[in-house]
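Just below is one structure, and these are the notes that go with it.
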Amino acid sequence: MSGRSVRAETRSRAKDDIKKVMAAIEKVRKWEKKWVTVGDTSLRIFKWVPVTDSKEKEKSKSNNTAAREPNGFPSDASANSSLLLEFQDENSNQSSVSDVYQLKVDSSTNSSPSPQQSESLSPAHTSDFRTDDSQPPTLGQEILEEPSLPASEVADEPPTLTKEEPVPVETQTTEEEEDSGAPPLKRFCVDQPVVPQTTSES
């Protein structure tokens, strides 16, 4: 009985949340994807956030600065740190995203780069990804470290196939016997009669 009531309660709560979200969607005209910190934790997620008008932003900023700086100092350090977190959330991944975009542009403009070019491109881009090792990687940054592959592997062209000449069967068997490391097998010739060997050495 208690399980059903709990499920019904969460269902009704979810319906209320959906109604709130739908009402907010109707009011908001523009949305954008942003990195957002979840509560007081250090967990960050990439989600759709309503875009506030620049006028509203200016009003909220002016109200915050007037309320916080009567003496020229912030009223509390926690508010200042939350502002710093918001600033980092907005700008933290833009540089690495632009690096990845630049890598994709480079690989698309060079349709068939030579191996020397691809080797020279990849170390430069991997050093860009390693520049912010002072901060632990977040959920979004782990994905961005993948494009450290050479540009030749990232290119959209399919690999070219080369035609090899077939090797005669006789040479294949001799190579296999030599490579196996085992003693050579006895070979029988069809043309010559088989003569049993007698070991008369004593």
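Just so it is clear, glycine is given a Cβ too, placed from its N, Cα and C backbone atoms.
Note that the structure is a prediction, hence the values are computed from the model and not measured.
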In Swiss-Prot, the member of Ser42, Ser81, Ser98, Ser152 to which phosphoserine is assigned: Ser152
Which candidate, of Ser62, Ser92, Ser108, Ser120, Swiss-Prot gives the annotation phosphoserine: Ser120
Among Ser82, Ser148, residue that the record in Swiss-Prot marks as phosphoserine: Ser148
